[in-house]
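K.L.:
The structure that follows is given in the form of C-alpha cells.
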C-alpha cells in the first residue's frame, strides 16, 4: 500500500488562491485607485497597484519585470509541487508551507498576467510611517516561509536529540 504524498495539501493552495483573487476582485469593484478606508487607527484598506514584487521591488522598470515575475512564480510553484509529490503526507508543516507559497505565488501571478500589476490593499501604518501595502497572497507566502523556518528549526532540534540518544546508546 503506497503512502499518501504531500500533494494532498494542494487544497490549501486552492484556498489561498481563491480567497486572494476574490478579495482583490472586491477591492477593484468597490474602491477607486488610491482610495483608502480607515478600519483601525493603525490600519486602512487602500487600493494600490504594484507593478513590481514585494515592497514594489523593480516596479520602476520598463515592463520586462512582469514577465520575469510570471516565469519566476511558475518555476517556484512547479518546483514546490514536485517537492510535495516527493514528500510524505505526514510532513504537515513543510507541506502546508509549500502549499501556501504555491497558492500565493500563483494568485499574484494570475493577477499580474491579467492586469499587468498586482492589486494590494492592506495598509498598516504608525503616524507617518507606512508598511508597504500587501494582499492575501503575500500573507500566504510569508506564512509559508515562516513555516519553512519553523520546520528547519524543528528538524535541526530532532537531529540533535537523535545524536544525543545515539551517544547514550554507545556508552
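Each Cβ is built from the backbone N, Cα and C atoms, and glycine gets one as well.
The active site annotation in Swiss-Prot covers 120, 138. The transmembrane segment annotation in Swiss-Prot covers 8-28, 64-84, 99-119, 133-153.
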K.L.:
Among the recorded stretches 8-28, 64-84, 133-153, which has the greatest number of Cβ pairs closer than 8 Å to the transmembrane segment (99-119)?
P.N.:
8-28
K.L.:
Give residue numbers and ranges for long-range contacts of the transmembrane segment (8-28): same chain, 6 or more residues beyond its ends, CB-CB under 8 A.
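P.N.:
Result: 45, 47, 81, 84, 89, 95-96, 98-100, 102-104, 106-108, 110-111, 119, 121, 135-137, 140.
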K.L.:
Sorry to bug you, but what's the C-alpha spacing from residue 120 (active site) to residue 138 (active site), rounded to the closest Å?
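P.N.:
Rounded to a whole number, the Cα-Cα distance is 9 Å.
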K.L.:
Including all protein chains displayed, how many Cβ atoms other than that of residue 120 (active site) lie within 10 Å of its Cβ?
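P.N.:
For residue 120 (active site), the count of other Cβ atoms within 10 Å is 23.
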